[in-house]
Amino acid sequence: MWSSLNDWLWHERFWLPPNVSWAQLEDRDGLVFPHPRDTLVAVPLALALVVVRFTFERFVGLPLSRWLGVRNQTRRPAKPNATLEKYFVMKGRKPTESQMNLLATQCGLTLRQTQCWFRRRRNQDRPCLTKKFCEASWRFAFYLCSFISGTMVLYHESWLWTPVMCWENYPHQPMKPGLYHWYLLELSFYVSLLMTLPFDTKRKDFKEQVIHHFVTIILISFSYSLNLMRIGSLVLLLHDSSDYLLEASKLFNYTHWRRLCDTLFIIFSLVFFYTRLVLFPTQILYTTYYESIANLGPFFGYYFLNILLVILQLLHVFWSCLILRMIYSFIKKGQMEKDVRSDVEELDSSDGEAAEECPQMTNGAAQRPGAAPTDGPRSRAAGRMANGHTPDT
């Protein structure tokens with residue numbers, strides 16, 4: 001049954017152009033062609049990359065963050081409360097005001113104390129700055145190395161400069177060792193990202209990230225299996241050209257090097273808009289939709305490839321809107337603000353809540369809200385008089 005299903009799934013009429021068979025893509029006469037089974041190597045490689053990543057973050061990213069002065073914000077933990085914790089885990093992180101009132105009554109707390117508890121509890125789940133820095137440093141290192149490696153592999157290839165050459169003699173295109181290793185390394189990296197996604201910093205575009213990783217993995221595996229590595233390599237290199245700039249901008253944002261962060265973000269934005277809103281649709285989508293079937297008839301693999309690329313383009317448009325929002329804020333306020341995809345660290349409490357829950361202490365005595373300050377000369381004199389001393393005249 002499994003053999004029949006496998007034969008049906010990989011039937012030639014689905015994935016290959018008309019009058020082309022898998023037998024024609026077998027290795028022969030010293031020529032090596034990609035095979036679908038080769039993509040299974042990406043699984044152990046992805047596991048190895050996960051180990052390399054955590055090692056890098058522990059022994060490179062973490063010491064580097066300390067050396068650059070990255071400090072985690074001090075957070076006051078929420079006091080243990082079984083009722084509120086059960087609601088937080090089971091029903092929601094942000095209860096409505098009516099639910100807040102009900103919970104406050106059940107726990108014998110004021111409304112402000114209950115609101116403060118939920119704020120502190122939400123802050124506990126947010127990743128610290130050091131964790132964000134380590135994650136960004138790993139991605140920066142990989143994207144930069146990948147972009148340099150991809151440029152070295154493709155620089156002397158004709159299809160890098162003339163995308164229509166991707167279809168020359170397709171699918172009878174022998175595979176080169178450099179392209180093979182770089183391609184499977186990229187596939188392994190995105191598989192490793194999918195593996196660690198539940199443990200990474202969750203942002204507001206989490207669902208879009210999951211879609212992006214799935215589409216990328218399917219696209220790389222699919223293009224490798226069908227010997228579409230030429231056009232696939234252009235897509236990978238085009239993405240890598242801007243990704244490392246974004247991660248570098250994040251790193252300097254976490255270290256509060258504002259000018260360098262702002263400069264890198266503007267450069268990243270320009271590269272992103274040009275590569276993904278200009279080059280991608282005019283060069284990649286154009287050649288896959290029109291030029292790919294100039295000498296071949298359309299087949300299922302042709303439609304499947306274009307659907308995946310269109311999904312990627314829609315994600316490019318979505319992220320472009322987020323970048324434009326940040327650029328608008330930059331122009332309006334003169335400096336780059338936080339990543340709009342990130343959660344905001346909520347204030348521990350308002351002034352009224354702080355006074356109600358945590359009264360200030362002076363010499364062991366609590367100062368009530370509205371009382372006079374105890375650090376001025378009058379209060380010091382009053383203190384001496386209360387202890388039986390008179391001020392000097």
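The backbone N, Cα and C atoms fix where each Cβ goes, and this holds for glycine too.
Where the annotation comes from TrEMBL, it is an automatic prediction and has not been curated.
Pulled from TrEMBL:
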type	residues	note
DNA_BIND	73-129	DNA-binding region
COMPBIAS	345-356	compositional bias 'Acidic residues'
DOMAIN	71-128	domain 'Homeobox'
DOMAIN	131-332	domain 'TLC'
REGION	343-393	region 'Disordered'
TRANSMEM	39-56	transmembrane segment
TRANSMEM	140-160	transmembrane segment
TRANSMEM	180-199	transmembrane segment
TRANSMEM	260-280	transmembrane segment
TRANSMEM	300-328	transmembrane segment
Handout entry: Counts of helix, strand and coil residues, the domain 'Homeobox' (71-128), according to DSSP
Key = 35 helix, 0 strand, 23 coil
Fill in the blank from the handout: Sequence-distant residues near the transmembrane segment (39-56) by C-beta distance (under 8 Å, 6 or more away from its ends) are 137-138, 141, 184-185, 187-189, 191-192, 195-196, 221, 224-225
